[in-house]
Amino acid sequence: MTSPAKKLTPMMQQYLEVKSKLPPNTLLLFRLGDFYEMFDDDARVGADVLGITLTQRNGQPMAGIPYHAADGYIQKTLKAGMKVAICEQMETPKPGQLVKRSLSRILTPGTTLEDQHLDAGRNQYLLACNWTKRGLSAAWLDLTTGDFQIAASPAINGLINVFHALDPREIILPEEALEKWRAEDDTAEWSEEIERLLQGRTDSTMMPWQFDPRDGARLVMETLGVMNLDGFGIALDHPGLGPAGALLAYAAENLCSKPENIRRIREYRSSDTLQMDPSTLRNLEIFRASQGTRKGSLIEAMDATTTAPGARLLEQVLMEPPLDIAELKRRQSCVGEFLSAPGLASELQEYLRGVRDLPRIVGRLRNGLRNPREPGAIRQTLHQLPHIKAVIEQFDSPELTKLAADLNLFPELLELLDSALNDSLPNQIQDGGFIADGFDAELDRLRDLNRNSRQWIADFEAAEIKRTGIKSLKVKFNNAFGYFIEVRKSNLELVPDDYIRKQTVTNAERFYTPDLKEKEREILHADEKAIAREESLFADILAAVLENADSLEQTAHCLSEIDLFVGWAQIAREWNYSRPEIDESSATEIEGGRHPVVEQMMREQRQKGIPGEHDFVPNDTFLSADEAQISIITGPNMAGKSTYIRQVALITLMAQVGSWVPAAQCRIGLVDRIFSRVGASDELSQGNSTFMVEMNETANILNNATDRSLIILDEIGRGTSTYDGLSIAWAVVEHLHGHGAQGPRTLFATHYHELTQIEGELVRTRNYCVAVKEWNDQIIFVRQVQRGAADRSYGIQVARLAGLPDTVINRAKVILSRLEDDDSSHNILRKRMRARKDGTPEKDIPQLELF
Ligand SMILES: Nc1ncnc2c1ncn2[C@@H]1O[C@H](COP(=O)(O)OP(=O)(O)OP(=O)(O)O)[C@@H](O)[C@H]1O
């Protein structure tokens, strides 16, 4: 802090006043001439986060960044989860006077709009949530595109899934709420969930009264410019309007004005969407692979989009898979059309390459962020539209006919932009020169004046050289002194009497004449006027763009859909996908199914010449809630069990977002939730043991699965002793099977071969195993899933493949055979299995009372 003993300069007083109004964890960038400066603690933190030099002036810590390079530094700060406030100079500095400054924006990870700070292919959600007597209420907003939703649920699990899928950049909570929730029994679980969600994200607080639903409703209506919310199907007492109000107030605070690009609000209903909990999203590597990268994730394998809005739409559809068969069929059919006409599809992709990020550009323009390149990007996009529309119109399907009809062409706007804008455009309005010659007579006149004047200066210089005989005489310009005649000291005796002395420099004297002074006034005036004229023309152009903003957004959405579906068609063609049949049945029937990500990785490895298996072996799946409800899948280590059960979940998800799927044939009865419990999780750092995490996830599944759900379980019970683990696994299968006529479709991969005994006991269980071939005490993986149970793990053989020393392998074999001779109940189960397989009469099979 600044020492109180020192008297503050007026500028520092100004600085501290601005700083005092800022939320915590916000770096204030204070404009001082060509630099943004930080002081005191901000300077220390800024120097540390940004890697810049910390200096001192009169004992006060300072750190500065050049204003023209600020973007990169701001991006770095936001990435570090901090906020940046920008205080600009509001007037040209005058010597001896304090410059007027004011806060122009607060940039936070969830509210920044600038292209340079955004991840082009990712949505950028700001989430606000609260817990009240009515349960959980929430609102989320992507301020860059205006996508705005509210939701409410009496229970946490109704919404926590979508919060994780949204992957919000920033979360807003009522002040001190977290401490309160933590302390109370009713809300302790909610506080744990929210703390988990907050990890690695920026959090912000607003006053609790700002979450009031009635005030929120008022603010939402005011922002949307409507009298009520009936048109959006939202009741005025919807609890989500509370967080929605807080969110809008927060956005307005950061933009330093009301957000202008929010035109719609939607209600999110978990019952309309396929639900996946956070561990399922993680385990199935939907948005990120286990290493945290996009590479290796499902979203990457499904992304062949050409535009950033198309990539963001893909993310959105994976976040919210609709339980709406008609919508899914619409998407599938668009993909099918593009697939059947590869020539037209690749033509479309070619045109889409010229399409820019319309939703974000319109969002920025609506919020008053102006830059001549933005209408330039709109112009570029509009040029593609007639071509895109013409291609889409060549298809007859009702779905594509509708898309073509929704695609507007904006001929007048395009004509305006074409005639008004130059080809190359500056990044800032103040740079000028972006309006084309011939567009505006007044601007042309001012520019001519300017050009003529410059010619006048050149002529003047030539005439003065001739008149004075000073060959080195120069007419020059600088910002401080304007135009002047410079004469070297050696030629001073040749200077005529009418030259008026202006300044002395090391080797020369500078002069002016009344004529030159007059011309200077004319030139500067014309320059200033030309820039002002350009600015006013630019405002007219933007007004014309904004008049079309709603329609531009609708067209942008059509373009994103086309991009997404053409991309899916490209993937379907390249990887030989089929169109899944989707219905209300409770069956999952997959013929020749493949794992979309593993299949692509294998080909990549082959292309890179990496040795190993390169062909993915397809497998079938048949599940149904009322018949073949539970598949118990056994097989040696490394055989392909995990891959198989994951592929079923991924194919189901792909079908339920409207994509085609990696299978020869497929029929999916709509699934309401996908649950997965797969492998060890990364929550150890949160103080949970592997086994605890496994049991938490299993409990969640057993408590929330419905007869419409799909569950994949991998090695339940592995994290504890064999008997405990087997008993738990067994009881879990029994629970999922239940006593009714149906239950959730379940794939259960396990090393507990004893579990295959359940097939005889519970009618809706089926045994499958992943086949291997044995040869000379070696195993060969064939990757085929077939009916029946495996009776050996081949763990020792796999361990040999992994390079364990022979001494260990041989010793392990001896121990194994001794254990197998033992007569524990565990081994009785195994012996029963062997005996059955060998055809031993039932009466001679050892008995074990388990049921
Ligand atoms: N159908 C398939 N075709 C080709 N390769 C496959 C197939 N299924 C799995 N693989 C490959 O086999 C390897 C092992 O698969 P996976 O991890 O699914 O085995 P697992 O049976 O679950 O093993 P463990 O029991 O040891 O966990 C993976 O590297 C995968 O790439």
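Note that Cβ sites are derived from N, Cα and C of the backbone, with glycine treated the same way.
Those TrEMBL annotations? Automatic predictions, nothing curated.
DSSP classifies Gly635 (ATP binding site) as coil under the three-state reduction. Positions annotated as ATP binding site by TrEMBL: Gly635, Pro636, Asn637, Met638, Ala639, Gly640, Lys641, Ser642.
The domain 'DNA mismatch repair proteins mutS family' annotation in TrEMBL covers 709-725.
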Row Gly640 (ATP binding site), column other C-beta within 10 angstroms, all chains, value 25
For ATP, residues beyond Gly635, Pro636, Asn637, Met638, Ala639, Gly640, Lys641, Ser642 with C-beta within 8 angstroms of the site's Cβ centre include exactly Val770, Phe781
Checking the binding-site residues Pro636, Met638, Gly640 against ligand 1, those whose Cβ falls under 6 Å of one of its atoms come out as Met638, Gly640
Between the binding-site residues Gly635, Pro636, the one whose Cβ has the fewest other Cβ atoms within 10 Å is Pro636
Across every protein chain in view, the count of C-beta atoms other than its own within 10 A of the C-beta of Asn637 (ATP binding site) is 17
